[in-house]
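TrEMBL has this to say about the protein:
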- 53-209: domain 'tRNA(Ile)-lysidine/2-thiocytidine synthase N-terminal' (DOMAIN)
- 56, 57, 58, 62, 87, 164, 169: ATP binding site (BINDING)
Ligand SMILES: Nc1ncnc2c1ncn2[C@@H]1O[C@H](COP(=O)(O)OP(=O)(O)OP(=O)(O)O)[C@@H](O)[C@H]1O
């Protein structure tokens, strides 16, 4: 039997934790991830000195990694303050766990954390709001969540709201806009400073899901949470599957 040769970090020769043609050890992989995010923030002027940035923290892997990395690189920006905001949609057997985790992470990172709920803003949790409307759960949830996040951001006089959207999310959105011939959205995606979008920043949009998940695992901030009970068939889910299928043929398709 031939022993398998361990894959080695291309920088220091230690055992590699990441593959896909980019072999790096734990230290160099994490450095690479942070460097990519920092470079994106600087190139696009996503964060400027003395800004107060709101971070949309669901407690899921992407926004948890976002908060962790922003907290880590924060000292490099003069006078920048972070406030995490979590929206409690009131989805039973789902949101409670991520909410607790979001609280724990914000406390661990010593970052101010606000929890805002559908109940206090719209009078009822999502399941009750759905009873009165003939609309899909994800559509209503997404619209109301964005509304609360925007309100909170403005009420705090915060110029920017950071979300944990990844490169995969951005690729899926671009593909969905093409498939639905949503010309306005295609133009807005191409120009980050247009309209209301100027308030939104997506510092993780240079990282693919593999990089975010691995970074989260290595930093001990990755948690498996139950899937949202309302998650079901959707155009986004189908587009995601198309990308996954393509990735097996063309591994570098999302970075
Ligand atoms: N309940 C919430 N409270 C605050 N922010 C949220 C909430 N849900 C989503 N977001 C923000 O919107 C982004 C995109 O949400 P979405 O549910 O599409 O993504 P996701 O890939 O599951 O992200 P995550 O892993 O952070 O939950 C999240 O990364 C987060 O920044």
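The backbone N, Cα and C atoms fix where each Cβ goes, glycine too.
Automatic prediction, not curation, is the source of TrEMBL annotations.
Counting every protein chain shown, 24 other Cβ atoms lie within 10 Å of the Cβ of residue 87 (ATP binding site). Taking a C-beta cut-off of under 8 Å and a sequence gap of six or more, residue 62 (ATP binding site) has these contacts in its own chain: 164, 165, 166, 169, 204, 212. Under a cutoff of 8 A between CB atoms, and with a sequence separation of 6+ in the same chain, the neighbours of residue 56 (ATP binding site) are 63, 85, 86, 87, 149, 161, 162, 163, 164. The record assigns 56, 57, 58, 62, 87, 164, 169 to the ATP site; their largest pairwise CA distance measures 20 Å. Residues within less than 8 Å, Cβ to Cβ, of residue 58 (ATP binding site) and separated from it by at least 6 positions along the same chain comprise 86, 87, 98, 102, 164. In the shown protein chains, 19 other C-beta atoms lie within 10 A of the C-beta of residue 169 (ATP binding site). Neighbour list (residue 57 (ATP binding site), Cβ cut-off 8 Å, at least 6 residues apart, same chain): 63, 64, 66, 67, 84, 85, 86, 102, 105, 106, 113.
Taken residue by residue with DSSP, residue 87 (ATP binding site) is part of a strand.
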